[in-house]
Amino acid sequence: MKVAVIGAAGGIGQALALLLKNRLPAGSDLALYDIAPVTPGVAADLSHIPTPVSIKGYCGEDPTPALEGADVVLISAGVARKPGMDRSDLFNINAGIVKSLTEKIAVTCPKACIGIITNPVNTTVAIAAEVLKKAGVYDKNKLFGVTTLDVIRSETFVAELKDKDPGEIRVPVIGGHSGVTILPLLSQVEGVEFTAEEVAALTPRIQNAGTEVVEAKAGGGSATLSMGQAACRFGLSLVKALSGEQGVVECAYVEGNGEHARFFAQPILLGKNGVEEIQSYGELSAFEQEALESMLDTLRGDIKIGEEFVQ
């Protein structure tokens, strides 16, 4: 199994590479690519960690050597948020980066599962889909927007509030991956009850947690370490499912039946070909139903921007 991390010299990429070097199954290949010349050095550094995962680093303009034979490609390339920016401010730079990388994937490893981390995810996933479609290789079961950070934040904050072990908390998060489009389904957390006040406070905290980190880092970056952990969790789940493990479920932003929007995050059963089944997210509370309805215009608008960028 070969996993390629694209954007591997950045804050998310390095954290993700470290975690994957430690946690990928024995015999896996890990390829790191970034435009930055430091990338082979990042791989050399990680290669000294004693795990049965082989690692190679590539730099320069062309990601092809890193992509060749990849089963999973995780894209974290692009610029990070700074104070005062929201995820959509990143669009002007990151849209072009995702477009050109996806064009390379379409030629080099068109059958790979692709996990997009680069923000704004609501839009960059639509860009990747349109690029793959133009190249005649689009498989909607193999393209994912990685929204796992919203899930792990939800699990952490719920566990803190309710004094539980975060490893035992599961919170489905649906919608998209920015601001109001992030909808944690607190009504569905097993074994935990919330007051209306708790839901009203916790929901925006989860939605704005990225901004919390951007401001706390005071211009020194955005959420890189927790995002690395989230991307590792999603990447490992993909690897397990592709290897034949049954019952692997993660929330992700994928093209489904289009009920709410062309792309929508909800629980996905993963399998040998990527998306095995898009699972129902169950019944929503009145609060969640209202939040869902009021976010859809924003989400659809984000998707449209991505589609039009490639036209």
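Yeah, the Cβs are placed from backbone N, Cα and C, and that goes for glycine too.
As the structure is a computational prediction, the values presented were derived from the model and not from experiment.
DSSP assigns ASN119 (substrate binding site) to coil, not to a helix or a strand. Residues or ranges marked as NAD(+) binding site by Swiss-Prot on the basis of sequence analysis: GLY7, ALA8, ALA9, GLY10, GLY11, ILE12, GLY13, ASP34, ASN94, ILE117, THR118, ASN119, MET227.
According to DSSP, ARG153 (substrate binding site) sits within a helical segment. According to Swiss-Prot, the substrate binding site annotation covers ARG81, ARG87, ASN119, ARG153, on the basis of sequence analysis.
If you look up Swiss-Prot, you'll see HIS177 marked as active site, proton acceptor. The secondary structure of HIS177 (active site, proton acceptor), as reduced to three states from DSSP, is coil rather than helix or strand.
Over all protein chains present, the Cβ of HIS177 (active site, proton acceptor) has 30 other Cβ atoms lying within 10 Å.
Between GLY13 (NAD(+) binding site) and ARG81 (substrate binding site), the C-alpha separation comes to 15 Å. Other Cβ atoms within 10 Å of the Cβ of ARG81 (substrate binding site) number 20 in total over all chains. The most densely surrounded of the binding-site residues ASN94, THR118 is THR118 (count of other Cβ atoms within 10 A of its Cβ).
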